[in-house]
Amino acid sequence: MVKICCIGAGYVGGPTMAVIALKCPSVEVAVVDISVPRITAWNSDQLPIYEPGLDDVVKQCRGKNLFFSTDVEKHVREADIVFVSVNTPTKTRGLGAGKAADLTYWESAARMIADVSVSDKIVVEKSTVPVKTAEAIEKILTHNSKGIKFQILSNPEFLAEGTAIEDLFKPDRVLIGGRETPEGFAAVKALKDVYSQWVPEERILTTNLWSAELSKLAANAFLAQRISSVNAMSALCEATGANVSEVSYAVGKDSRIGPKFLNSSVGFGGSCFQKDILNLVYICECNGLPEVAEYWKQVIKINDYQKTRFVNRIVSSMFNTVSNKKIAVLGFAFKKDTGDTRETPAIDVCKGLLGDKARISIYDPQVTEEQIQRDLTMNKFDWDHPLHLQPMSPTTVKQVSVAWDAYAATKDAHGICILTEWDEFKKLDYEKIFDNMQKPAFVFDGRNVVDAEKLRKIGFIVYSIGKPLDQWLKDMPALA
């Protein structure tokens, strides 16, 4: 029986291993993590992450061929294939601060693997890592190997949160990169044999190590670039009276471009896009390619600009001040169908409003008050460290309250900001909401989810990103 161990029970490790266990009943899968609360949650009825379909998969396999454990060393020692899916945060100090990936957790995982191993192993990079990480890991393993042979593979994940289980069941592609040596090819084949139990052969791509590592960064950079492209257009649409939805629909009808990732919004979020582009920028700079680095930096600059522009629009529309005004924030997760708040645009929007002394009431169907308060008090890259290493802020943001539903959040508010495209926000009773708000009542739709015309008929002043502006908004232009 092939034994697989995955170090790291987070958004990538947990779902990926659960699906491997479901699809490969003859493989024994152990997911290990040093965090006791996280492993306890994986072994309970309340899983530590929300992902449609994940509950069913875990319940079918847990205790049969899928195990969650804090006994990291035991499972690593027994495994034939070890996936490493640990945090790779952006460095906050030292060389490459603000751009380079911090490989502290990766390195300690590699040293532990070398320490406890008593048989040959295949070590698989599953976290997003900078190009050439495999080389560094290989050196650590070989210098500490005590005669045991290790093969390093890169097997980046291409999951989208909210559809991760579906993505794992029917992936566009599975990418496996390995050394171009007989041992490397054998290791690639061993991992390919696992995936081929449910993924069609033609969807499993094999490359050299560096191509696999770079493909992940490149894929995320291309996706983020599309979002920044359409968001840049949204600013121009507002200035000219064009409608960004019509423009992106027309553009997406070109088969060479296609319609995906062309929805204008308040900005992209999630754990990967910004981090991976910063990483790409750093790698370009280190390899003497400043023009290439500068090109990718612009993707993040436009994303930051979009969030700033949104906040400026809110403040300028409301007589140039939101001081002591209640603003309802609907949605805090970075996108619908996930409870994930990492790099969510809502953090910067809320901080911008708090900077102008607004009182904020937040409602999100999947995000806890504790998480929201932590996000609003944390420094920029702290979220990407394991929970027990994150600074615990003794303070909560007093001007922020968290509501149980959208109606409580919007009661007596001057304005509403929609920052996540949860389906329920399309179906709210906006007449009831309007009646319970201060007047004039504003809706700032950062996801273009509401029917602006309907809301205007009720009496709202509506701002939809990239759409023709209300006369009110034209009379109160946002300051750059």
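In case you wondered, yes, glycine gets a Cβ from its N, Cα and C as well.
Noted in TrEMBL for the protein shown:
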type: BINDING; residues: 8-13, Asp33, Arg38, 86-90, 127-128, Glu161, 272-275, Arg342; note: NAD(+) binding site
type: ACT_SITE; residues: Cys272; note: active site, nucleophile
type: DOMAIN; residues: 328-452; note: domain 'UDP-glucose/GDP-mannose dehydrogenase C-terminal'
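Each residue contributes its Cα atom, and for Gly8 (NAD(+) binding site) and Cys272 (active site, nucleophile) those atoms are 16 Å apart. When pLDDT is averaged over the domain 'UDP-glucose/GDP-mannose dehydrogenase C-terminal' (328-452), the result is 90.
Annotation for Glu161 (NAD(+) binding site): spatial neighbours Tyr11, Glu51, Gly270, Phe334, Lys335, Asp337, Thr338, Asp340, criterion Cβ-Cβ under 8 Å with sequence separation of six or more. Cys272 (active site, nucleophile) and Asn87 (NAD(+) binding site) have their C-alpha atoms 11 Å apart, to the nearest angstrom. Take the binding-site residues Gly8, Asp33, Thr90: by the count of other Cβ atoms within 10 Å of each Cβ, the lowest one is Thr90. Figure note: comparing Cβ neighbours within 10 Å for the binding-site residues Asn87, Gln274, the maximum is reached by Gln274. Shown are the recorded positions Tyr11, Cys272; the one with the most C-beta atoms within 10 angstroms of its own C-beta is Cys272.
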